[in-house]
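> What TrEMBL lists as transmembrane segment is 12-33, 348-369. The domain 'PAS' feature in TrEMBL is assigned to 498-544. The domain 'PAC' feature in TrEMBL is assigned to 571-623. Summarising the annotation, TrEMBL assigns domain 'GGDEF' to 655-788. TrEMBL lists 797-1050 with the feature domain 'EAL'.
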Amino acid sequence: MQLTQERLAHLQLAGTLLIVFLLAGSLTGYFLYSQEQDFARAQQKQEQEVLKDVEADLRAHGEQAAGLLESLRHQTESTLERRLRQQVDQAYTLAESLWQQQHDRLPPDQLRALIRETLRPLRFFNGRGYIFIDTLDGRCVLLPTAPEREGRSLLDNRDDRGTYIMQNLLRVVKQPSGAGFTRYRWFAPGSTEMADKIAYARRFERFGWLIGAGEYIASVDQDMQRQGLTVLGGSVRDRNDQLLILDAAGRVLLFPGQPQWQGRDYRQLPAAIAHSLARILEHGPRTASTSIMLPGTGSAEPQSQPAYALHLPGWGWTLISTASLSERMQAERLSRQQSLRRELADKISATGLITLLALFSAMLFSWWLNRWIKGLIAHYHRDQERSLEELGERSRDLQLSRFMVDHASDVVLLLDEDGAPRYLNAAAAALLGDDPAQRGQRLAALLPPSDQPLPLTYETVLDDVPFEVSLTSMQYQEHAYRSLRARDMSRRQQAEQQRRLAAKIFDTSSQAIVISDASNHIVMVNRAFTDITGYSEQEAIGRQPSLLSSGRQPPAFYQKMWQQLAQRGHWAGEIWNRRKDGTIYPEWLSISLLRDEAGQVSHHVALFSDISERKEQEAHIRHMAEHDFLTDLPNRALIHDRLAQAIRAAARQKNRLAVLFLDLDHFKNINDTLGHAHGDELLKQVAQRLQHTVRGSDTVGRNGGDEFVLILPELASPAEAAQLAQRLLDDLRRPFQIDGQALAISTSIGISLYPDNGSQLQELLVSADLAMYHAKAQGRGRYQFFTPELNAQVAERLTLENHLRQALERQQLHLVYQPQFAIDRRRLVGCEALLRWQHPEQGLISPARFIPLAEETGLIVEIGRWVLDEACRQAAAWLAAGTPLRVAVNVSARQLGQPDWLAEVEAALARHRLPSCWLELEVTESTLMEDAEQAVRHLQAFKERGIHLAVDDFGTGYSSLTYLKRFSPDLIKIDRAFVMNLPHNRDDAAIVSAIVQLAEALGMQTLAEGVESEEQLDFLAQAGCDVVQGYLTGRPQNAAELTALLATSRGLEPFQ
C-alpha cells in the first residue's frame, strides 16, 4: 500500500482519536475506583472523629462539673466565716442599737437582760446557728442551747485536743481589732464525738462582753454538697448526655437519667451496669476515658456508652460523664454518606462531560492539524528557494554579531546607514525591549540630538539611569555602520555618593573615630577626636594612639586587649586616657580590624566616647546607695563591707581592730518634745563631731536611728579604743546649738575587739551592741568593753525577758495579799496586792529580778493592767461576800505616763462593780517626780473619783515637801529601811517620828512597812503611826487564806 500525503493525514487522525479514547477510558475507570476507596476511608474517618468529639465533650463536661464541685468545696470555710461574721455583726449592731436607745432609760442589769433575751431566739443556718454571749473573764451570759450553763465560768472548757475554747475566744477579742475567728472541736448534735467547729466573736465594750456565733464545718460542707448536686442535676444538656456521681461508699448521689437509682448502692443496680461501675471504681483516683453499660434511649437493655471518669479527692466522690453514641453516630453517618454520594455523583457527571469535550476537541484539533500540515508543506516548498538566497546575507550578519558578542562588555549596538540596528547584544536587547516602537524610542534616547562629527562621547539618561555613550563609525563591505557603546554610570555614581556620605558621617559623628594602618600609625581622625582629646588632625596623623595613654592601665591590660583583638577581630571596653592638656578621663573604646583580600590586617578602626558624665552619675548613685541620706555617713551596708575589709586586713597583718557601737541616751525624748526636725539636726551635728574626733583611717557610719558605728583598724592595744571612746564621750557632752537652743546629751558606747571577741563580722557587731546595752544598764554616759561574763548576763536577761513575755499568757503570774492592821492589831483595815511569778521550771522567781526588767522593757504596762483587774476582781468578791477590804495596788512610772491610764482604772472598777473607796493606788516618790505635772493631774483625777492614794517608800527619794503638799496623798508609807533598826537606831527613830508628825500635820495617815518585832510595833504605836504591815502581823498570803482571816476579823470597814 502506497503511503500518500492524504492517507498519512487519515492515519494520523485515526491514531489521535484512538489515543484520546484509551486515555479517557483509563482515567475514568481509575477515577471511579479512587472515588469508591475515598468514600470508604472518609466514612471510617468520620466515625472516628465523631467518637473523638464525643470523648472530648465528655472530658470537658466532666471536668467542668468537677471544677464546680471543687470550687464549692474550697469555699466551705470562707463561706462559713463570711456568714458567721454577718450574723455576729448583725447581733452586735442590734445590741449596740438597744444600748443607744435604752442606756439612759433602763438600769444596767435590765438593759443587759433586754439585750440577752433579744438575741436568745435568733436562729440561722437552718436552725442550727445561734448567738452566744460571754464576759471577758470567761463567764457565760447567753447560751440558748444550754441555758443551765449561763452564769457559769467556761474558762476550763477544753475540746478533745486540749484546746481551751473560752481562752481562745478571749484572746481573739482582745486583739486591737476587737474581733476574730477561732477553731475548736465540740460535740456535734446527736453525736458523742467531737467535730471541727469555727466561731467568730466580737468584743462589746459597753458591758465587757464578747458576742459570737459558731458552726460545724461538716454541716456547711454538707450544704455545699447538696448545692453542687442540685446545680449539676439541672445542667444536663440533652437526653443523650448523662452525669453520674457516686460517693466513697458506692452510693449513687446523682443520675438525672435514672432518678430512681439515686440513693441506692451501685451494687443493687442491674448486673451489667454494676459490673461496669465496679470496673471504673477499681481505677481509684486516676482519671480516664472509658465505657459504661447504661440503658439506651428507648430501650431498657444496657448498652455500652463512652464515658469519662474522674475522682474528687476532697469529698471522695467519683464523677462519670457519659453520652449515648448510637443515635448521634447514626445521624452523623447518614448525613456524611448522603454528602459523599452527592459528591461522587457530581464528579462522575463532570468526568463524563469532560471526556466528551476532550473527544470532540481531539477530533476538531485533528481536522485542523491535517489542514495546517498540508498548507505548511506547500508554503515550505515556496519558501525554500527564498531561504537559499538569504543564506549568504545571514552568514555575514552572523559573523558580525559574533564579533560584537565576543568583544563587547557594555551595551553594544550596530546601526546601518539608515540608523536601523543590525545587531544588539544581550545588554542592548534588555535595555531597548522587545516592542519595535518602544525600541525605536529608547534607541533615539541613546543617540545624540543632532548629527555631529564622529567619533563622539557624551552622557545621557535612560529610565533615570545615567549612561556614558561612545558613538563611532565603521565601513564593512562597502556599507557604512555606526557602533554604539553605552556604559551604566549608576554604580559609579552610587559609589561616589556613598563615599561622600561616609566622609560626612565620619566627620560629624559624636564619637571620636581613629583609623590607623597595619603598623598602628594614625592615618585619619574625625572632628570629634579633636573635640575630646584636644589634638588636631595634623598633630595626630603619623603618630600612634599611645599618645593618649594615661598610664593607669598596666601593660598586662594592653597585652590582653591586643590578644583578644587578634583572636576575635574586635575589642570593646572601658579605658582611661589623657587629653592634650593632661586631663585624665574615662572613655568607652571599641576597636575593629580591617583585612585585605589576602587576609592580612590593613587598618585598625577605633571608636570612642567620653563617659565622664556617666561615671559621675554612677558614682553619685553608688554613693547614695552606700551612705545615709541624713548625715552622709556610710550606711549599714557600707559599714559591713568596710568592716569585712578591715577584718581581712587585720588577719593578714596580725593587727587588732575595734568596733564601737554608739547610742544617744534618751534621744526619743528630743523627738517627742522638740520635734523630728530638731532630732535630725542633732544627728547631723553628732555625725560632724564624730568625724572630727576620729583618725583619717577610721570609719564612722550610721546604723540607723540614733545608733552610730565606728571601725578602728590597726590598734596597738585596747587602751587606744578606750581613749578614743572617752574623747567621744567628752566631745558629745558639750552642748549642741540647734535653732538657738542649747541641747546637752549623753552617750553610751559599746566596744568589741578583733580577734579577742570574735573573728567574724557578725560576732563583732553583736558583741559591741551587747556591750553598749550594758553601758546603758550601768547608768548611761559611759563606755563598756565586751566580756564573756557580759554575754552570759545579757543572754540570761534575754531569756528572762522572753519567759516574762509568755508568763501572763500562760497564767504563771498570780497575786498574794499582805494584810494591813490598825496599830492596836484589832482591826484588819486593808491589804497590799503583791505580784508573784511561779515559773514551771525555775520555780518562784523573785520580784526583784523581774519587776525592774518589766519596767525597762515596757511589759510593766500590760502586767500592771492585769494586776489592777485581778485586784479589783478580788476586792469585788470580798465585797459581795460581806467582808469588804481595801486593796492597795502599786503603780509604775510607765503606767502613770499612759494617757489612758485613768480610763483603764475606771474600766476595771466598772467591770467588777467595785466602789472606788475600796481601791488604793500606791506610787513611789521617784515615780511621782519623773513627770510631776502629769502626776499631779492624774492623782487629782483619782482623788476626785474617790480612789485612795498612798506615797510608797517615803523618805528614800526626793522627799520634797512642796510636791508632797501638791500631791496630797491619803497615806504615807514609811519605808522598811527606816523601820528595820527601830527602836535602837536614833537616826531612824527620829526620821520615823518626823514623818508621823508631818503626816499628822498635813492630815494624812501613816503606814509602817516591814514590822517584824514587838519592839518595832511598840515604838510605832508610841510615835502615833496609824497602820502597820509586816511579817509580825501577817505574811503575804493567797486570796483564800486572807478570806479565812477576814471571816474571823473585826472592824472590817476601811480605816479612815
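Every residue, even glycine, has its Cβ placed from backbone N, Cα and C.
Remember, predicted model here, so these are calculated numbers, not experimental data.
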> What counts of helix, strand and coil residues does DSSP assign across the domain 'GGDEF' (655-788)?
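Summed over the domain 'GGDEF' (655-788), the classes give 60 helix, 41 strand, 33 coil.
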> Just give the helix, strand and coil counts over the domain 'PAC' (571-623), going by DSSP.
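In the domain 'PAC' (571-623), the DSSP-based counts are 12 helix, 30 strand, 11 coil.
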> Under the DSSP assignment, what numbers of helix, strand and coil residues are found in the domain 'PAS' (498-544)?
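Its residues divide into 22 helix, 10 strand, 15 coil.
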> In this predicted model, what is the average pLDDT of the domain 'EAL' (797-1050)?
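Averaged over the domain 'EAL' (797-1050), the predicted model reaches a pLDDT of 87.
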